[in-house]
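Single-structure report; data block below.
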Amino acid sequence: MTAPSQVLKIRRPDDWHVHLRDGDMLKTVVPYTSEIYGRAIVMPNLASPITTVDAAIAYRQRILDAVPAGHDFTPLMTCYLTDSLDADELERGFHEGVFTAAKLYPANATTNSSHGVTSVDAIMPVLERMEKLGMPLLVHGEVTHAEVDIFDREARFIDTVMEPLRQRLTALKVVFEHITTKDAAQYVRDGNDYLAATITPQHLMFNRNDMLVGGIRPHLYCLPILKRNIHQQALRDLVASGFTRAFLGTDSAPHSRHRKETSCGCAGCFNAPSALGSYAAVFEEMNALAHFEAFCSLNGPQFYGLPVNTGWVELVRDEQQVPENIALADDSLVPFLAGETVRWSVKK
């Protein structure tokens, strides 16, 4: 029997979905991403959303100012779509290399999404412009109607929003972000080359029992919410198959400890410190390490039409404990898998 590999060497990966926040939080979390990833698609849902070219340029500079010396990292900026967004502004940002993609948040679907889109019809001229430009649309795929059960929001979104949109704009490039259900996995698998998906480590590693059985675990609470195990298994099967239109998107979403551990806690897992090793562990469990590099480093650039990174990253089989917390200006951050032992670590 062949001994398990002790080192995994892959092209430098990219994170195709990350929240870097702003202010002191940004300064704290950026290095965890910039150390490992060559590029990252940065979410625009700040308290004042990124809806203009100037705002994106200023935010990109704040991110770059927080990147430690020696880290080779490029933030890829996104535009927050609103009902009143100017299509000309979006096109200008895309042509000037400021906006890589635009993000569709259904209004009130997640953190800082109150400015989001009330209906796809309201932004159809913008989406038609994006289709012509070849500009990717990044979608938080959940309906937010009060009568829809939170565990059904993603499947309902496919039927009522995603499929009608893609039928109407057949050449629009769409990333179905952080998919969580067998419905979404099958939908993306059955789709054409204009449709891709990102998948988080938490949705591959855990299901709702892990969050709710034996006590509630607020640091596993994210949106879209963890689903039952049949959905988790469908996501695992998708990536283990070597499907090329699924790629790494951590959705790392930091909140201070007191905003997570409270009677009405915020959604989001701060997984940047341990995400790559977490993905490696999942692929190893599924005997799918042959597809690990493509998921992390090749599939995303292929969909976005970007070159792969030139550098390399090594992960070593070296059990390490994830810190219980990370210092923040007036509080602390509890990282994903805090206090737990992880099997794979990025070689420094």
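Glycine is no exception: its Cβ is also placed from the backbone N, Cα and C atoms.
Values in this document were obtained by computation on a predicted structure and should not be read as measured data.
Reduced to three states, the DSSP call for HIS19 (Zn(2+) 1 binding site) is coil. Per Swiss-Prot, Zn(2+) 1 binding site is recorded for HIS17, HIS19, LYS103, ASP251.
Per Swiss-Prot, the feature substrate binding site maps to HIS19, LEU20, ARG21, ASN45, HIS140, LEU223, HIS255, ALA267; the stated evidence is sequence analysis. Cβ-based neighbour count (10 Å, all protein chains) for HIS19 (Zn(2+) 1 binding site) stands at 26.
Under the DSSP three-state reduction, HIS140 (substrate binding site) is assigned to coil, being neither helix nor strand. Residue density at HIS140 (substrate binding site): 26 other Cβ atoms are found within 10 A of its Cβ, drawing on all protein chains shown. Swiss-Prot lists LYS103, HIS140, HIS178 with the feature Zn(2+) 2 binding site, giving sequence analysis as the kind of evidence.
All protein chains shown were included, and the count of other CB atoms within 10 Å of the CB of LYS103 (Zn(2+) 1 binding site) stands at 27. Residues or ranges marked as N6-carboxylysine by Swiss-Prot on the basis of sequence analysis: LYS103.
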The rounded CA-CA distance in Å from LYS103 (Zn(2+) 1 binding site) to ARG21 (substrate binding site) is 16
Its Cβ having more other Cβ atoms within 10 Å than any other among the binding-site residues LEU20, LEU223, ALA267, the winner is LEU20
Nearest to HIS140 (substrate binding site) by C-alpha distance, among the binding-site residues HIS17, HIS19, HIS178, ASP251, is HIS178
Rounding to whole Å, the Cα atoms of ARG21 (substrate binding site) and ASP251 (Zn(2+) 1 binding site) are apart by 12
What DSSP gives for LYS103 (Zn(2+) 1 binding site), in three states, is strand
Taking only the CA atoms, the spacing between ASN45 (substrate binding site) and HIS19 (Zn(2+) 1 binding site), expressed in whole angstrom, is 8
Whole-number Å distance separating the Cα atoms of LEU223 (substrate binding site) and HIS178 (Zn(2+) 2 binding site) is 9
